[in-house]
Amino acid sequence: MKIKDFYEISKPLILDGGLATELEITCGKKFTTNLWSASCLYQDPDAIREVHLSYFRAGADIATTCSYQIPIDTFIKEGFTKQEAIELIQKSVHLAVEARDIFWKEYKEYKEYKEDQTQKRMKPMIALSFGPFGGSLGDYSEYTGNYGNDINLEKLKEFHKNNLNIFKPLLSLIDFIAFETIPSYLEIESICSLLKEEDDLDIPCWVSFTCKNEDQISDGKLLIDCIKLCSKIDCIVSIGINCVIPKFIEKSVKNIRDELDKNGYEKKYVICYPNAGDYRCDDKINPDEFEDYTKIWAELAKFKIIIGGCCKTTPDHIRNIRNALKSFPGLGIE
């Protein structure tokens, strides 16, 4: 998908839910290396495909690839050659595409049996997931932004550039590029610098941050300053937060929407996909609560929003997001 195509959608979009935690909960996977869920790319790729498929069936418009934690060096440390690592990493895109195509065939066959053809889902899309530098360290620094004194903007830009280069042969299969769980202002500066250099990259991108509270991202910098920086980059079409506790969402969504509108970026979307629960707190949210919150978040974002789930969210959460958006007349959500 090209950037102009994204802005022609003009309605809320539904992202999938937690991938790694769903692999753990539903498929019984145990992740013991820094590859985290990416270990399934060689151990059990069918499980990844099935989780993607379960989210499409639940109502997701977008699947994020199993590529959050994919530096080549991490695969090499697990015993793979460089070429084997590249092929495994690229497999994350093919698995998401395969799941999408299976679902779309099912859906079209189902629609043939329905009399009312006026309401139709759009063909689901694929978002290439890139996690933060901290995700490759395995020390939870994606929740603090504390990467140490040796890390500078150029090193962070090189990290993200190397990840992007792996997927350049597959960009025709991608609808979005997602820079997720970003904890530091320095890192988002590096991403924005990279995207400025990639001036021929005509793919919608989103950036989402981890936060320590409603106003600050994880390293303590103001969320509002991050929005100002990202909004100036043409290919960044959506800005928001993920992998946070739900109570942070409401104020953050309003602040992001207000800041975008105030500075003439009314077309850009807000994105939010909080956790249903994680190791850091007991603040959990069930699918029914998610449905109620979705209505609030969507209205605060003036319906220019992508809503999904992160850790511990399930297909039931995504199903309820879709149910919530269907309750608004005129949005065209089936």
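Using the three backbone atoms N, Cα and C, a Cβ is placed for every residue, glycine included.
Per TrEMBL, domain 'Hcy-binding' is recorded for 1-325. Residues or ranges marked as Zn(2+) binding site by TrEMBL: CYS243, CYS310, CYS311.
Other Cβ atoms within 10 Å of the Cβ of CYS311 (Zn(2+) binding site), summed over all protein chains shown, number 22.
Minimal Cβ crowding within 10 Å, among the binding-site residues CYS243, CYS310, is found at CYS243.
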